[in-house]
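Engineer: Here's a structure for you.
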């Protein structure tokens, strides 16, 4: 590559020298690579932004007749560039279902006809608004391989949800729940669980039919609705919850196996360790099945489960044998049914029983979790999930009622307890069994082994064929575990693809024809194994239930929030939802969380809050059009309208600054100081005027809006970018002064840099600059002018940086395999740019860093309402300026120094503004030195008219020819004011030469009395050869008050 680069350099260097002769340097293959940028309109482009995406599509020039789609011609009857509405115009880049088409822009329809419009473009990784995306739905999807499996609503959603809901509770806990709560409250438990899941499903249906649903399940729905903060926090919790659910279901399976081993005296080690051994073996087998994608097993498990459920109903109709009767199992009997109606809580409460049952209802997201593998998620998720809730809810209720009508609460299991004397009176809790011929009264004083209250295997005993129930238990637990084992990696993969947690990016990679998340499977496996080692179902279940309920609560809240925001983009195809019902569902989920276990609920919300804070601080670069954005907008409009109805008050005054920075990168020192004044507590507008022909200026303006605002966000400047296009700079600024802001949130202070080149800028440039200051005073703006000796404008450095990048981008294409080139790329770029003007760059960055100990010298010479004092006081409250102390300089009369100082100290005390020192200057009136006067005369000499020695006619002709020049009469009339500016500079040199920042009251030039060049000479003389100096003049309305 080295020899290749040397040859290339010969040609490229010649090109570079021709294009950029001023900045030309010799380079070597490893020296100066730079990242890709584009210089647009003399402005440098934000390095965080791909500027090429702002360019309009490239069209081939052609003199041939424009070709258009036949549909356009047939629809309108003539050749036109306009396009009829088409779905391809609304696709994101990288759309799976088709290429994104580019509609003609407004400029292409409105401007002079020149270009040929292509119908479609290849996916290029950009969004429809011209900005790069790195999120799931708009980034280029992985290339689909042939043979990728997509599921319909039955196999993909209905079957998976039913398998997940028909869990371990169906066969080994349902009878116990109805024994404790009775079938009256037991029905309430099932119905309440179904209400929570049904409301959540309705909300989920509304969300998933409001646009295309990609992979990620609950995480995708929540994140796209509420934003990355909520989605990122709940997504990680939900993925972990599914991983923990694998462990819970596997432990349930292992417990059943261990019970069988115990019954047959075949324990491997002991019950606890046996659960661990069997659990780990089971999860290894399930992992292999998940990775292999054996969908046949899913159907097989469902068939076994259905047969087992039917077996329960069949068993209740088979005549009970004496053995079954001794175990409390009878055929359908109204006395048993009525006896089991009322609750009989023994060491439990309604809520604790509800907590045991509710995990059975947490499988409703099994279908949504594989949304990326569904053919049509919008139709499949609502239909499959709701039908699964109906079927499983009816099944749970039917099995529970059948059991309640056939099994008594307590039984001994002894055939000898049959009543031989039918005349014996029957009383107590075992009265129903007594009337049916069995005496279980001993169960009232001691714990029996059978009955609804005492044996978790009663459903197995009541069934027609017991082994089928065991097989059904295995099927229920394994199917739920398998569903969770598939869901967890899929959700985690979707979360990692969005790059919200950058450290987890590795887990976004998929493999095989179905893009299987193999790293996610491995992580889920290890999490499951760790939890399986606990080997206690009662410890694992409450944590999982709370995690799932937290997800359900946010799904419901997402639906409510999106409806409440009333965004025009909220148009779900599924109409059977209600925003208040969704809110009720969210509240119910939160209540159920605390009912199940308040400690775990607090832990869940604590973890979610920490993750929320983390994502909020990190601010991932994604934009999903969330309802949070919509509500923020609505709130902002509401607050702005509320402010409009309230009059301004001096106590609430804060500087709202309109800063003429040009591009935000052009004058960083000016932007940084303005930002220090406003921070996050006031309005800061960084404004740019594009001067030139409107057609050209508008193109630059539109291209830079988003780019410059993104630069402000990236550099953490709490400011807004605004731009106008105008024929001249002053008219553009006047438009900004009049129209900027909204309601009460309007700028009240203009901040501008000092025009250091005023002596060479020409009459038009000076008149425009001074005219802007006059306009600001006319519109009653406070005015701030910043001067730094080294200058403010770094545009030439920005442009040079862009030129270097253009060169080295081309150079990099040839030598991109050169290791040294890659290694030194960024550092070489920075060294080159810095060497161009080290002092200017250092001065431009001085307000970014923390200021050392020093003083801010405030020369408050004229009462302008207090702005000259307020702005430096605000600076001292900023972290970067906290080590700077205020020194106040005021003008005083000779002999009154102490009195003037006392009066100023009293005023500052009332204003509650602290300063380190008050200095009274009582010699301002002294004549400036001859040397200073001579320097001033030399400064204005090129701009003097020297009309005093001429005749009246000749003087009049000179004034008419050079109306902007300084006349002798004007110079004489304002001699005292001129001398004041010269004398003030001498005093500033004497007292404030070592200050960190100087703030001086700005002199005002009366319109049509003082020429523009004389006024600029005043400002220049006043501020020259000083540390950073700020001239301030308020609008002479009070911004300070000492009243409460």
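Quick reminder: no glycine exception, Cβ is built from N, Cα and C everywhere.
Caution: TrEMBL annotation is automatic and unverified by curators.
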Engineer: Can you dig out which of the ranges 498-517, 518-537, 538-557 TrEMBL describes as transmembrane segment?
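Structural biologist: Residues 518-537 are the ones TrEMBL records as transmembrane segment.
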Engineer: Scan 576-600, 601-625, 626-650, 651-675 against TrEMBL and say which stretch is down as transmembrane segment.
Structural biologist: 576-600
Engineer: Checking feature assignment: transmembrane segment per TrEMBL, candidates 79-98, 99-118, 119-138, 299-318. Which range matches?
Structural biologist: 299-318
Engineer: For the feature transmembrane segment as recorded in TrEMBL, pick the matching range from 57-76, 157-176, 417-436.
Structural biologist: 157-176
